[in-house]
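S.K.: One structure is given below, represented as structure tokens, and several questions about it will come after.
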Amino acid sequence: MNIKSFLNNRLWKNNSSLVQLLGLCPVLAMTTNAINAIGLGMTTTLVLTITNTIISSFRKIIPKDLRIPIYMMIISSVVTSIEMLLHAYTFNLYQSLGIFIPLIVTNCIIVGRADLIAYKSSIVESFFDGIFIGLGSMFAMFAVGSIREILGNGTLFFGANKIISNIHSSVFFTLLDKKFTIILAVFPPGGFLILGFLIAIKNFIDLYYKKNTIKNIEQCSCSNKIK
């Protein structure tokens with residue numbers, strides 16, 4: 001396994017939110033601030049990692065014709081367990097995420113990776129696939145959530161005590177004065193615009209890198225011909 005290619009594919013090249021555009025409903029609904037984005041991203045990553053590992057462990061005994069219902073049973077069991085843990089230990093985060101915790105069961109990313117990777121790959125590969133696909137999605141959610149929070153409320157990391165309970169609720173950064181904020185950013189249309197902006201930036205970076213790579217190859221081939 002090429003580790004660099006493995007990481008690049010999952011974190012950047014085939015990012016589930018910025019490239020495959022999977023699971024956009026929770027991405028846009030729960031990224032009104034950075035903390036909610038981190039909370040949902042961590043929960044999704046945990047579900048991905050656990051379900052991938054379980055499905056890969058039992059892949060040889062899961063009947064091919066019944067695999068989708070079995071995936072859903074495993075995923076729903078894992079999500080329910082994590083939901084109960086969030087309710088018990090991080091109640092504020094549980095309240096903020098609300099209905100979007102159980103809706104992780106229907107997230108296309110989870111089912112897609114289960115069938116594409118976990119059902120066909122080793123436990124180790126499936127485990128790390130879950131981690132890095134989840135981190136890639138969390139990175140996108142965090143970027144969208146941070147920009148929306150800064151533009152819409154002028155703050156960053158407001159409500160950090162939802163994740164780290166011993167932090168006081170007054171601990172956050174104020175980056176913009178209220179009179180300079182753009183209220184559209186915290187509403188769904190603003191979320192769509194910011195997500196589109198991030199996708200455009202990613203595509204620009206990819207295109208720039210591709211052009212430079214082609215230019216370097218052409219220069220190398222020309223220098224070899226001269227020699």
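Here, residue 1 is simply the first one shown, and the rest follow in order.
Cβ atoms here come from the backbone N, Cα and C positions, even for glycine.
Sharing the record's features from Swiss-Prot:
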- 34-56: transmembrane segment (TRANSMEM)
- 68-88: transmembrane segment (TRANSMEM)
- 91-111: transmembrane segment (TRANSMEM)
- 127-147: transmembrane segment (TRANSMEM)
- 181-201: transmembrane segment (TRANSMEM)
S.K.: Can we call the transmembrane segment (127-147) and the transmembrane segment (34-56) in contact, meaning three or more C-beta pairs below 8 angstroms at a sequence separation of 6+?
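M.R.: Per Cβ check, the transmembrane segment (127-147) touches the transmembrane segment (34-56).
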S.K.: Take the transmembrane segment (68-88) and find every residue of the same chain, 6 or more past its ends, with a Cβ under 8 Å from one of its Cβ atoms.
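M.R.: Distal contacts: 43, 46-47, 50-51, 54-55, 62, 94, 97, 101-102, 104-105, 110-111, 114-115.
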